[in-house]
Structure formats: C-alpha cells, structure tokens
Amino acid sequence: MKKITLLGATGSIGIQTLEVIRQYPQLFSVHAFAFGKNVKKAIPLIREFQPKILVVQDMETKHELQQHYAVRTEILVGAAGMVEVSIDPETDVLVNAVMGSVGLDATIQAIEKKKQIAIANKETLVTAGHLVMALAQQHQVQLLPVDSEHSAIFQCLQGEKQQQVERIILTASGGSFRDTPREALENVTVEDALKHPNWNMGAKITIDSASMMNKGLEVIEAHWLFNIPYDKIDVILHKESIIHSMVEFQDRSIIAQLGNADMRIPIQYALTYPNRMPLQESDPVNFIELGKMHFQEMSFERFPCLEMAYQAGKEGGTMPAVLNAANEQAVALFLQKKISFLAIEKVILEMLNTHQSIQHPDLETIQAVDQETRLKAIQFVTR
Ligand SMILES: NC(=O)C1=CN([C@@H]2O[C@H](COP(=O)(O)OP(=O)(O)OC[C@H]3O[C@@H](n4cnc5c(N)ncnc54)[C@H](OP(=O)(O)O)[C@@H]3O)[C@@H](O)[C@H]2O)C=CC1
Ligand SMILES: CC(=O)[C@@H](O)[C@H](O)COP(=O)(O)O
Ligand SMILES: [Mn+2]
C-alpha cells in the first residue's frame, strides 16, 4: 500500500488523482492533502479520503474548516505546511499538482528525503530545473512525469538509450485560439480563453495553452526531465491531442504515445509505474471515428510566448524563473480581467528584457527573483 501526499487536491489534476486512488484502494491511500481556499470542494474529499493531515493556504481557511465544518483533522498552513506533509515519514509518494512555483520548496525537500515524486507542477521544473534535477540525481530519486507530453516521452523512452535520441517532438493542440487570427486576439475575453478544445483543466494552464506559454513551459520541462538540449526539442501543432508526444531516434524511427485526452492515463501510469493497470470507465481510441490526424508547423510569429520560453530556457540562469513568475502574474491579472489577453505576452517580454540574468542561481536567489518579478509585473501594468 502506497501512502500518498497530494498537493493541489481540489484542482483538475488533484481530483483526477483521487479518482485513480479511489479505483485502487488496495494499492493507494491518501496520507495528506493540500489545497488553497476552496473549502466547498475540499469537504466531500476530506470526508471520503480521510487524510491524516490537511494543508490549506491561510489561517482563515483553517478556521473555516474547523469552525463551520467541524473538521478535527490536523491542519497545517501555507508553503511550510506543504513541505511538512511532503517530507512526513509516512509519505511514500508525493503527487505535486499544486498550481505555480509555490510548489518548489515541497519538491526540493521531498527529493532530499528520497520520496517518490509524481510531478504535474511544471512551474517547479521551469523555475529551478537545474537545482531539482541535480538533487534528484544526487539522491537517486526518479521524477515521474504527470504532464501528458512528458509522460508520453517517458513512455517512449522505456528500454531505450538516451544517447540514441535524435529529438523530442512535443505536440500542441493550439489551445482555445488556434483558429483565431492574431489580429482578432485584441478583443478576446477570459471566457473565450477558458474554452480549451480538447482538455478540461485548471484556469491558469488553460490560459497558458491559449497563449502557447504552456508549450513553452513544457519545452523547458522536457529539457530538464530528459536532459536534452533545446535544439533537439521541436513543437508541432496537432489539433486532435491524440499523439501526446514523440521521440525520434538516430535511425529515424519515431516512437509515439497515443491515447484519448484523459489525464487519468498519465496520472495512473506515474502511480503504478512500471506497471500498467486497467483504467476504469475509459474508451479506447477509435481510429475509425477519428479518421485523420492533422499536423501543422509551429509559428513563433503567431505564438511569441513559445519563442520567449525557448530563449529564456537557452539563456538559463534566472531567466526561466522570470519567464514563469511574469507569466503567473500576468495570467492572474488577465483572469481578474485587469489586463487583456495580448498584454500577457507584453508583460512577460518586458520582465525578460529588463532582467539582468544571474547564472547558477541558488534557491534563495530564485525565490527572490520570483517575488521581485511578480511585483515588477504589477507595477508595469498599473504604471
Ligand atoms: N489540469 C491538467 O490537465 C494539467 C495540469 N498540469 C499542471 O498541474 C498543475 C495543477 O494544474 P491544475 O490541476 O490544472 O490546476 P487547478 O487550478 O485546477 O488546481 C490547482 C490546485 O492547487 C491549489 N493551490 C493553488 N494555489 C495554492 C496555494 N498557494 N497553496 C496551496 N494550494 C494551492 C488549488 O487549491 P484551490 O482549489 O483551493 O484553489 C488546487 O487544488 C499545474 O502546474 C499545471 O500546469 C499539467 C498537465 C495537465
Ligand atoms: C493535458 C496536458 O498535459 C496539458 O498540458 C495539455 O498539453 C494542454 O494542451 P496544449 O497546451 O497542447 O493545448
Ligand atoms: Mn501538457
């Protein structure tokens, strides 16, 4: 029985992780879970999964749980609370599905305690990939990818030799505005941006998908997870989201992983790895119904966020942390309807252009740059 600590339990990945856990009570139990402030969503999950420890974002939420819902479970608060449950001796597996770089400390400290980690929280790898991967190597911890593309690549690489990989091909759906010309992006709304054509995901990643920053973050994530240079990572548009990514080898063979757009597949694979288990209430890919699959060249002119991510990744140092923090802040402002969709990329560009990169940053430096960038981004839009 694996005891799981789940960060981001009330989110899109969190809920689907709990669905997988629910199907296999003989294999998994929930030791602890963390969420932000969404008490209404959390209460039925607390009652069903009965974690031994809870973590919430702030004291107000803790009091709400205790006073309005009579929750008697131990409740910790904030990023420190997430670290505490992640390194708890009773935690066997950490599923990090929290949104944003707030998940970084927990990932780092869990690696130091040699916990098995299923990682959905891509911002962690973008912000501090060099630290996370060096620690993982030092402590012999394997990070099991949950992100669908990275799970696909991980599956394609099973039994293969890293040095025989020619390139990685990440697929991108194109997001909510894939059929919208760039000129028309000026007036798109939050509601439009939240309509992803293939995946039902949290708000932040859905916006990232529409701006193509999601793919940019995934390029950096792939660089770190698979130790592959940026010039060997390609992105192509594939609107069906059936091929989740591919690996080309030196002999020109390409191995791809296919499946319906169902995040339970990579989540379950990360939890049961190296085994595969039946996935409840799922349909096989119906190739006849699908008929065709489409592929289109990616354009940096149409999707400048992707180019910014490649550049920040290649430059390294604190640039990816700036990219990520600027994006997190800009997307939050867009979701609050304080800036337009196209202002997201303007904020990120400005933050990157005005940052003096620091090479080989330690954790403290990264966290300071993250905070500074968020403040600077707010000042930039309110100037
Ligand atoms: N959704 C998907 O299909 C995919 C997601 N990912 C990645 O997985 C991660 C999670 O995404 P997703 O599930 O969509 O996000 P959601 O927004 O749906 O969920 C985020 C979760 O994090 C919690 N949370 C947010 N801020 C804090 C905080 N400060 N402290 C504690 N908990 C917090 C939220 O709590 P609350 O509900 O209370 O706000 C919620 O449980 C992201 O890094 C994303 O990029 C990767 C691939 C696919
Ligand atoms: C499900 C998942 O992994 C998301 O990151 C997904 O990839 C988003 O799709 P696009 O970014 O390709 O639109
Ligand atoms: Mn993805």
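For all residues, glycine too, the Cβ spot is worked out from N, Cα and C.
The candidate list GLU74, GLU84, GLU218 contains one residue that TrEMBL assigns to the Mn(2+) site with ASP147, GLU149, namely GLU218. Binding of NADPH is attributed by TrEMBL to THR10, GLY11, SER12, ILE13, GLY36, LYS37, ASN38, ASN121, GLU123, and the same site annotation extends, among GLY81, GLY174, GLY175, GLY202, to GLY202.
The 1-deoxy-D-xylulose 5-phosphate site in TrEMBL is built from LYS122, SER148, GLU149, SER173, SER209, ASN214, LYS215, GLU218 plus one of HIS130, HIS139, HIS196, namely HIS196. In this structure, the C-alpha atom of ASN214 (1-deoxy-D-xylulose 5-phosphate binding site) lies 10 angstrom from that of GLU123 (NADPH binding site). Looking at ASN38 (NADPH binding site) and LYS122 (1-deoxy-D-xylulose 5-phosphate binding site), their Cα atoms lie 22 Å from each other. Closeness to ligand 2 is met by ASP147, ASN214, these being the binding-site residues among GLY36, ASN38, LYS122, GLU123, ASP147, ASN214 whose Cβ falls under 6 Å from the molecule. Listed in sequence order, the binding-site residues among GLU149, HIS196, ASN214, GLU218 whose CB lies under 6 angstroms from an atom of ligand 1 come out as none at all. When the binding-site residues GLY36, LYS122, ASP147, GLU149 are checked against ligand 3, ASP147, GLU149 have a Cβ within less than 6 Å of one of its atoms. Checking each of the binding-site residues (ASP147, GLU149, HIS196, GLU218) against GLU123 (NADPH binding site), the C-alpha distance stays within 10 Å for GLU218. For the binding-site residues THR10, SER12, GLY36, ASP147, a Cα-Cα cutoff of 10 angstroms around LYS122 (1-deoxy-D-xylulose 5-phosphate binding site) retains ASP147.
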